[in-house]
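Asker: Below are the features listed in Swiss-Prot for this protein:
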BINDING   22, 79, 118, 442  (6S)-5-formyl-5,6,7,8-tetrahydrofolate binding site
DOMAIN    215-365  domain 'TrmE-type G'
BINDING   225-230, 244-250, 269-272  GTP binding site
BINDING   225, 244, 246, 249  K(+) binding site
BINDING   229, 250  Mg(2+) binding site
């Protein structure tokens, strides 16, 4: 049996119009009778009244009543809609605590909902991820997890592994039992390979969709005065970098974040790369090379008819295995008959960069955000990758001649990882760690 908990669910901004205080537990209706002047409402009803401390009125409120177990938390819950601000909210909290509740830990309402069987960990984490979404695409991806299709997919994998494990154990412990399928190599290997294929596809889709949650680093490199800082400013639509006609103006890396089609990028405007005897400028050039190594996308900015030198070749060499985009700047100064169709031309100073933006996004298109097999949550993705590794180890073991009683260890590990994605109520340490990252009142 849980105790009674309370928290502000709407945050605690100083000047917000409304504050929502949530209570949950076995005695919350009785607590409300002590401090609320209105009627105790029926399930899913709203009543009007005042919150009082002894006979002193604290606030005029609307109270929403939710009888357990048919609500989010799965137990009696009350939500008080009070006037906003820290002072009034704090007074109401103190009054509730004085009458038999305690302050909730972060995520404790969601944790109770999980323990009461109202949601699994996939949906619980989707709620938290939705709250912390930074882009529209992130929010769309997270809300899709509410329909439980991802959970159903994981549970289907779990059930297939349960069948394999159960059959293996019967074959090991009761080899004389005739009513169960004999798991020979010819039977077990295809089943595991089918599972490997399913999980591999989920991991592949998940890795691709991570672009909407990770920051993709882009290094803008090239010679001095080719327009790198102007390009950074054009992409950001603001003046972040200093732009002059003096070569070597940028001597350190200037970083800025921007979102393009819902994808987060980290732009890095680097020092111009050339031969220099200036000690400070040489340090900046070395940093430019380092940024090429550390970035996923390299925008190599050049001018028309620019000859390739040793530094240009080094940029290309360091860009091997990365997305390399060669861009010709100052398009407005080039006659139309000299523009080639297979090249990307821009005018950074005039903000004419649409062709470059298309090139940046090219490899990140055609991702189906509705695919329920996609897993973006870091904890869940690590677990499904671990389960895939264990299944691959089991397959490898069988192909090397090991018997089912040996590889069942790897198969069981794969099952445990998948079970921990949707959640196990007996793993208290996991639950405490996960729900502690939630907001107060959630």
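Heads up, the Cβ atoms here are built off N, Cα and C, so glycines get one too.
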Asker: Give me the Cα-Cα distance between residue 22 ((6S)-5-formyl-5,6,7,8-tetrahydrofolate binding site) and residue 229 (Mg(2+) binding site), rounded to a whole Å.
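Answerer: For residue 22 ((6S)-5-formyl-5,6,7,8-tetrahydrofolate binding site) versus residue 229 (Mg(2+) binding site), the Cα atoms are 50 Å apart.
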Asker: Check the binding-site residues 225, 229 for other C-beta atoms within 10 angstroms of each C-beta and report the one with the most.
Answerer: 229
Asker: Check the DSSP secondary structure of residue 228 (GTP binding site), expressed as helix, strand or coil.
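Answerer: For residue 228 (GTP binding site) - judged by DSSP and reduced to three states - the answer is helix.
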Asker: Just the number: how many Å between the Cα atoms of residue 225 (GTP binding site) and residue 118 ((6S)-5-formyl-5,6,7,8-tetrahydrofolate binding site)?
Answerer: 60
Asker: Between residue 229 (Mg(2+) binding site) and residue 118 ((6S)-5-formyl-5,6,7,8-tetrahydrofolate binding site), how many Å separate their Cα atoms?
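Answerer: Distance between the two Cα atoms comes out at 52 Å.
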Asker: Per residue, counting other C-beta atoms within 10 angstroms of the C-beta, which of the binding-site residues 22, 118, 228 reaches the highest number?
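Answerer: When each Cβ's neighbours within 10 Å are tallied, 228 leads.
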Asker: Looking only at C-alpha atoms, tell me how far residue 228 (GTP binding site) is from residue 118 ((6S)-5-formyl-5,6,7,8-tetrahydrofolate binding site), rounded to the nearest Å.
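Answerer: A Cα-Cα distance of 53 Å.
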Asker: How many neighbouring Cβ atoms, not counting its own, are there within 10 Å of the Cβ of residue 79 ((6S)-5-formyl-5,6,7,8-tetrahydrofolate binding site)?
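Answerer: Counting Cβ neighbours of residue 79 ((6S)-5-formyl-5,6,7,8-tetrahydrofolate binding site) within 10 Å gives 19.
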Asker: I want to verify one value. Collapsing DSSP to three states, which class is residue 79 ((6S)-5-formyl-5,6,7,8-tetrahydrofolate binding site)?
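Answerer: In the DSSP reduction, residue 79 ((6S)-5-formyl-5,6,7,8-tetrahydrofolate binding site) maps to strand.
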